[in-house]
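One structure below.
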Amino acid sequence: METGNHTSTSQFILLGLSSRPERQELIFGLFLFMYLVGATGNLLIILAIGSDSHLHMPMYFFLSNLSLVDFCFISATVPKMLANIQTQTRSISYGGCLAQIYFCILLASMDNFLLTAMAYDRYVAICQPLHYSTTMSLPACALMLGSAWLLANLHSLLHTLLMAQLDFCASNVIPYFFCDLVPLLQLSCSNTLPNQLMILLVGGLIVLIPFLGILASYVHIVSAVLKVPSARGKQKAFSTCGSHLAVVILFYGTITGVYLSPSPSHSADKDSLASVMYMVVTPTLNPFIYCLRNKDMKGALWKLVSVKAAFHEL
């Protein structure tokens, strides 16, 4: 069959998490709550870091960018889902679907790169403290961040353009609450081999190389910390990595559950619920993980809230 830019499908139907009408109010309330909590938490972290000069250092520079990406991540899918529930429609336009794919891949890739940059920052701080100020200088951090955005955009653009070449002439029903690559490929009546190869090769490298970088950083960190003679010194060193390590486990754990679990265990319901974990739950929990385990972030947030309270009293 000849492929091209033409499609007989002008819109797709997003089934969401449940087709039962009696559950829609519960789902709406739950996702609205998670969205508000996640958006507020991530924006507070950005404001706290920006307003506290003591946090103007590489680790918090990357954390503020991670919070920005997580805010955009949940904003790329959840508002559309809430609007569909509220208006009792499940449709999304063809262009809207491609836009969701673009931004979801872009932001997931950025999460991946930022977590790697933060792991490298901890590696340099613990294993090469004397070189920290030069290795993690502002120009170096800006270069890492700019390179990450460039690679993430190219990766996202590649998959979006390949998807735009496909024809959809059969079912237009997506068993997810957002547009994702895999279910869309399953709906296409074109040859999807190039798309699948790019997902396997490029997508695999985008995930695997940063993950190996994080793994290598922590191997060196653990090795260096174990050489510290005092128990208090070891605890202090590990405490600086605890929040980041928890977020890494949460992020890669949910990604593995969605995309790398054995095929026989896949089902539309399981995949949809798993996608909620990395698309909504993970970005919502990240601010709490960093704030609960980081005294500097707690202090900055408390200072920010106190200043706002004093301003309102005036």
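Cβ coordinates are placed from backbone N, Cα and C, and glycine is handled just like the others.
What TrEMBL records for this protein:
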- 41-290: domain 'G-protein coupled receptors family 1 profile' (DOMAIN)
- 26-49: transmembrane segment (TRANSMEM)
- 61-79: transmembrane segment (TRANSMEM)
- 91-110: transmembrane segment (TRANSMEM)
- 130-151: transmembrane segment (TRANSMEM)
- 158-178: transmembrane segment (TRANSMEM)
- 198-226: transmembrane segment (TRANSMEM)
- 238-260: transmembrane segment (TRANSMEM)
- 272-292: transmembrane segment (TRANSMEM)
**OP:** For the transmembrane segment (130-151), could you work out the same-chain residues 6 or more beyond its ends whose Cβ comes under 8 Å from its Cβ atoms?
**Re:** 58, 61-62, 65, 109-110, 113-114, 117, 121, 124, 206
Original post:
Among 91-110, 198-226, 272-292, which stretch has the most Cβ pairs under 8 Å to the transmembrane segment (238-260)?
Top reply: 272-292
**OP:** Determine which residues of the chain contact the transmembrane segment (91-110) at the Cβ level, with the cut-off under 8 Å and only residues 6 or more beyond its ends counted.
**Re:** 7, 9-14, 65, 69, 72-73, 76-77, 80, 84, 148-149, 151-153, 155-157, 159-160, 163-164, 178-181, 184, 206, 255, 278-279
Subject >> Positions whose Cβ lies under 8 angstroms from the transmembrane segment (198-226), at least six residues beyond its ends >> reply: 109, 112-113, 115-116, 119-120, 122-123, 126-127, 151, 155, 158-159, 162, 181-182, 234, 237-238, 241, 245, 248, 252, 255
Original post:
Who are the long-range neighbours of the transmembrane segment (272-292) in its own chain, taking Cβ under 8 Å and residues 6 or more past its ends?
Top reply: 15-17, 31, 34-35, 37-38, 41-42, 44-45, 63, 66-67, 70-71, 73-74, 77-78, 104, 108, 175-178, 180, 243, 246-247, 250-251, 254-255, 257-258, 298, 301
Subject >> Whole-number mean of pLDDT values that fall within the domain 'G-protein coupled receptors family 1 profile' (41-290) >> reply: 87
